[in-house]
Structures are given as structure tokens and as C-alpha cells.
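Participant: What follows is a structure written as C-alpha cells; I'll ask about it next.
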Amino acid sequence: MTILPSTTSPDRRPFGLVGLLPWLFAAVVVGYAMVVGGYAATVVSFALIYAVFVTGLNLFMGFAAQVSFGQNAFAAIGGYLSAVLTASHGWPPLPAMLLGIAAAVLVAAIVGFPTLRLKGHYLAMGTLAIGLITYEITVEWQSVTQGYMGISGIPPIGIGPYEVTSDRGQLILLSLVVAACAFAAARIRRSRFGRALSAVAGSEEAATALGIEVARYKLLAFLLSAGFAALAGSLFVHVVGFVSPEVFGLHMVIVTFTMLYVGGIGTVAGPLVGALIVSLLPETFRAFKDYQDLAYGAVLIVLLIYAPRGLASLFSPRGRS
Amino acid sequence: MADWSYIPQVLVSGLGIGCVYGLIGIGFCVIYNASGIVNFAQGAFVMLGGMITHVLFARNGVPLPLAALVAVAAVAALGVAIERVVVRPLWNRKATMFVMILATLAAQIVVERLTLIAVGDQPKTLPVFTDRPPLMIGPVAIGYQLIWIVGGSLAIVAALAAFFGLTRTGKAMRACSINREAAALQGIPVSRMLALAFALSAALGAIAGILITPTQYTAFNVGVPFAISGFIAAIVGGFGRPFGAFLGGLLLGLLQALAIVGFGAGLKNVAALSVLLLFLFIRPSGILGAAK
């Protein structure tokens, strides 16, 4: 049972020096990208978007110890709704993003209700199926999604005439979003809700005996996670200005799980650290593009076998398995 | 639009692909019964079966039957390798089911990407085993490859039934699936059975891949859809029942063939996945009931 988060109350002390290290690392990387700009800024921007997604994944899988291989479905719903509404129907970005997130959460509620009753490999396969169905629909529903061609000409995030178009502007905006997400995750973890999730993670029977409505909390965590995923999907399409089905395919599942495990599942800083490391590493040998997914898969296997609690756990005194 | 006079023809081809799904589904069950593990790398075996045969046959001029045999043996060896390198360490650590799924899914991606690097992304195919015009039964054309697929699958199912029912090793594997600890106490080498289950399952996947490749094509990324169809077959048949899985595969093949007529080929995977979700939500123990 090594992936379970600590079931004791979360640490209430202010951050120690060691606990601060992951945030320091993130600040240095983002700061560097901010100074250098250009390509480095683009890479770090993508990493921050992934960090939003993985933060949501971590809520459901780290805090509540549930399984979902299909969160990419909600990123796709958020992303495509944003893209279609802004590029094809002329909506401003912000309402489109909000509607995208709302729609993703609604879909999550509809599919989550029956799906979360499943356990074990049934749950794993059920959620994987949801992700794959969404992928197939984005490929096949060409009148709306334009299939593999994708949708281009998506406007950047902005209000009225004020648009965030520069590399640095996007980086600042995304950093703020990620900080807000991490803050929310930290608060959730210490809240009554977070403690309930951690009880569910420890033992569903015991949690039920304590009067926790397990099914309700699982569904809530799933919806929150879907909301984060949709936000990440929306951010992606507005930052890149283009979306195609491949963006939210199986590749995304593997990459985000690698990030979650590299950073440390069940920790607050883990998703951000994992997203940054996993995004930056392949850039150092960018010439080998075909080898990227290979490397992700191999790294994931090695981590699962030798460091199941991730790298961030090395910084945390509570991170022992 | 849909022309319903095609239906018998469509059902016949659905039966062929259904046999293949069934073989893959049996592969899932064999590993699951021996270990309780659901091996998400199953698709890699299917893809490699067709791919290795293609490489040996088309690039190196090895005769087709020999190429197929070598491919099956190589994929079985890969199955054992995955069991040793990926599954065994996690198994020894008593990792959770979820970690095991993720690790095997990652193994699937690794094999897929290595194949992409080795042979490129162009689809490959094999010649049909018997190159003659199809048999005509009324308006229905039955290609010789279909006969190979159905005949081969039935022969394999029969061989498996004999293996599990008559041989010492087969009986030992069944004992492991009933109760691993009790099996170990009887002196059955449970861990060797796990390796054997991976070899057997990989070989089944490879055979399925070789049989189906002449009617479709194979490419580095065909594995996952095949694995999912095989998994659906296993669920529909009641997980852990090898012969239920074969039946489930046939059913899925037929349903998918009808879905192609009704909604177009593009949505065949959506149809199959919807069948999966329906079964998971309404009757997760499958049509025959789960094995346990």
C-alpha cells in the first residue's frame, strides 16, 4: 500500500526550510524562463499548464487514492469547447473557458456517478474507456472539431482589448493560475473535505464507519479533478492558439502520470515539480523527438519500481513510504 | 446509407474479428487467473506478432510459416521478459493493483515506441495465407483468411482446453487461479507459473496478431485498440473465464460489425467502448458471471 498518502493529520506547522525547496526550485525555473524568454518561456508555459492538470489528478489519485485513466477526457472537453466557442462562434475567451469547465464538470458528474461505483481494474478500464471515447469523438465529429486537422486561430486569453500575447505575459498569468491551484490544493488538503478524502484513501470501510459518505466524497473529488483538467485544457488551447485530438490523447495520460510520480503522488508541491522536471528533461535532448514517449514510459516504470513516492518525497520529512 | 442486404456478409466478417478479440481476451484471463494482474501491455503482443512476422517475411525473405513461428516464440520471450523486469519487482513489493496497471501500460508504450523507431510509422501488412478467390455461399463471400482465422482460433481454444484439463502444468496453473497459497503449499512453483502465464498469454496475442494482419494492417499503434477489445471480450464473458472471453469476443465482433453498418467505420471503437461501459455499469460480472 505504498501509494497511499499519510493518513495522519497533515502537518500544520509553517513550511520548514526543506518543505520550501520544491517551491524554490519552481520559482527558479520560472524566473529563469521569464528572464530568457523565447523558447524556454514556451516550454515552461506548457509545464505550468500540465501542472494545473496534474494538480487535479493528484486530488483524486493522491489525496483520495482513487484511479482514473480518463481525466484527459475532461481536458479535451474544456479545451475543445473553448476552441469552438472562440474560434468558430466568436465568443470572448473567458466565458468560453468558464462554460468549458462547467460542461466538463457536468459530464464528469454524469459519467462519474456510475463509474465511481466500480473498483479495481474495472474502474481503471472504465475511466480509460471514457478518455478513449472522448478522443475518438474529437477525431470523428469533423463538422465541429475538424478531426485530425484541428482548430486553429483560437484567440489568446484576455478581457476586451487587453490580451495576453507575449511569452512573458503568458508565463506570469500561468504562474498565477498554478499558484492559485497549488494554494487551493493545500487548503483542500487541510480542510474537513481533505481529511475525509484521506480517510477514504486509508480505508473505505473505516471511513464509512466514521460517518463519512464515501461515495459522495469520491464523486466530489472526481468533479474537482475534472474541473482542474478542463481548466488546463482551456489554458492550453488559448496559449497555443491551436488544438487537435492528439493533444488530449493517450500520450497525455502517460505524460501526466509520469509527472505525478516524478513529483510525488499525494504531496502539494509534487505536481508542479513533476510537471517542470518532466517537461524540461526531454528539451535537453530535443534532437531525439521519437524517443520522448519511450523515455517517459521507461522512467515511469523505473520510478514505480524504485521510487514509488516520487522525487518530492526526498524533500519532505513525511515522505517515507 | 446502410444497405441491409449486406448484413450476412458483415456478420461473417464480424465473426472473424471476433475470434481475434476472443484470443486476446483469453490472454488477459490467463494472466489474471495466474496472478490477479490485468496486463495492459497485452496489445503490444498482438502488434508485435504481426510486425515481427512482417519484418522477417517481407524484409528478410523468411518463409511465412517459419516467420510466424519465430514471431510467436519471440513474443512469448518478450512476455517473460516483461514479467521478469516490470511485473516481478512490483509483485514482490506487493504493489497495488493500480501501480501494476500503470506499469504494464507504460511497458506497452515503451514497446510501441521502440517499434516505431525500429520500423517507422508506415502501416505494414502480410499476404493472405491461401491466395484463392473467396468461397461463395449464396450471396456471402467467405475469404480463405477468414477460414484460417476461425479455424486457427478454434484449434487454439481446443488446444487450451486440453492443456488446462489434461496436462500437469495446465492443472497446476488452474490450481494457482483457484488459490495461490494452497497451490504453493502443494508444491506448485507459483512464481514459475506466473512467468509461464505471461509466455502463454503473449503467444496467444502474437497468434491473434498474425492471423488478423493479412485482412487489415499492422502499425506500431494498433496494440491499444486490440487490447481494449480483448479486455471488453473478457469482461463480457465474465472476467477470468477463458472460454467466456472467447464467446465475449465473438459477440463483440458481431456487434462491432453491425455498428459499422449502422454508424460508419469511424465510430466502431466508440461502439465497442460503449458496450464496455454498459457492461461495467449494468452487469460487471459478464454474461456468464465472474469466475470468482
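Cβ from N, Cα, C; glycine included.
Quick paste from TrEMBL:
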- B:6-30: transmembrane segment (TRANSMEM)
- B:37-58: transmembrane segment (TRANSMEM)
- B:64-86: transmembrane segment (TRANSMEM)
- B:98-120: transmembrane segment (TRANSMEM)
- B:140-164: transmembrane segment (TRANSMEM)
- B:193-212: transmembrane segment (TRANSMEM)
- B:218-236: transmembrane segment (TRANSMEM)
- B:243-265: transmembrane segment (TRANSMEM)
- B:271-291: transmembrane segment (TRANSMEM)
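In the displayed structure, how are the listed features positioned relative to their neighbours?
Facilitator: Listed as Cβ neighbours of the transmembrane segment (B:64-86) (distance under 8 Å, sequence separation of 6 or more from its ends, same chain) are residues 41, 44-45, 48-50, 52-53, 56-57, 103-104, 106-107, 111, 126-127, 129, 194-195, 198-203, 205-207, 210.
Note on the transmembrane segment (B:98-120): residues 37-44, 47-48, 51, 55, 78, 82, 86-87, 90-91, 220-221, 223-224, 227 of its chain, located 6 or more positions outside it, place their CB under 8 angstroms from a CB of the stretch.
Through the fold, the transmembrane segment (B:193-212) approaches residues 16-17, 19-20, 23-24, 26-28, 30-31, 33-35, 39, 42-53, 68, 71-80, 82-84, 87-88, 91, 126, 145, 148-149, 152-153, 156, 169, 172-173, 176, 183, 218, 226, 230 of its own chain, all at least 6 residues removed from its boundaries and within a Cβ separation under 8 Å.
Taking Cβ pairs closer than 8 Å, the transmembrane segment (B:271-291) reaches residues 33, 177, 228-229, 231-232, 235-241, 244, 247-248, 251-252, 255-256, 259-260, 263 in its own chain, all 6 or more past its ends.
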Participant: Looking at the stretches B:6-30, B:37-58, B:218-236, B:243-265, which one shares the most CB pairs under 8 Å with the transmembrane segment (B:140-164)?
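Facilitator: Looking at each of B:6-30, B:37-58, B:218-236, B:243-265 in turn, the most contacts to the transmembrane segment (B:140-164) are made by B:6-30.
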Participant: Under 8 angstroms, Cβ to Cβ: which one of B:6-30, B:37-58, B:243-265 has the largest number of such pairs with the transmembrane segment (B:218-236)?
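Facilitator: If we count Cβ pairs closer than 8 Å to the transmembrane segment (B:218-236), B:37-58 scores highest.
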